[in-house]
Amino acid sequence: MCAEKSPAEMKSIFQKYAAKEGDPDQLSKEELKLLIQSEFPSLLKASSTLDNLFKELDKNGDGEVSYEEFEAFFKKLSQ
């Protein structure tokens, strides 16, 4: 996880943005964009594009990011 956020905080952030449209357990590309821009703006600077970041997060290729995919990505970042 990100060093400054606990797992509970990360789950809360995910749920806040996932609930904006459609499935409350999945982030759409637009929801992910809003989450990253608001909560982790430096990630977009480090990543060349949102498309690349979305592809990296969406491990199963279903066009949405589950909490498990989201959590795995942030755990990897904090190592």
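Placement of Cβ uses the backbone N, Cα and C atoms for every residue, glycine included.
Secondary structure by DSSP for the domain 'EF-hand 1' (13-48): 23 helix, 2 strand, 11 coil. Taken from Swiss-Prot, the feature domain 'EF-hand 1' applies to 13-48.
Long-range Cβ proximity for Gln26 (Ca(2+) 1 binding site), meaning a same-chain Cβ under 8 A and a gap of 6 or more residues, is found for Ala18, Glu64, Val65, Ser66. Per Swiss-Prot, the feature Ca(2+) 1 binding site maps to Gln26, Glu31.
Counting every protein chain shown, the Cβ of Ser42 (phosphoserine) has 8 other Cβ atoms within 10 Å. The phosphoserine feature in Swiss-Prot is assigned to Ser42 (among others); the stated evidence is similarity to another entry.
Here Swiss-Prot flags 45-79 as domain 'EF-hand 2'.
The phosphoserine annotation in Swiss-Prot covers Ser47 (among others).
Marked as Ca(2+) 2 binding site by Swiss-Prot on the basis of sequence analysis: Asp58, Asn60, Asp62, Glu64, Glu69. Long-range neighbours of Asn60 (Ca(2+) 2 binding site) (same chain, six or more residues apart, CB within less than 8 Å of its CB): Ser66, Glu69. Asn60 (Ca(2+) 2 binding site) falls outside any helix or strand according to DSSP and counts as coil.
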Quiz item: In Å, rounded, how far does the Cα of Asp58 (Ca(2+) 2 binding site) sit from the Cα of Glu31 (Ca(2+) 1 binding site)?
Solution: 13
Self-check item: Residue pair Glu31 (Ca(2+) 1 binding site), Asp62 (Ca(2+) 2 binding site) - Cα distance, angstrom, rounded
Solution: 15
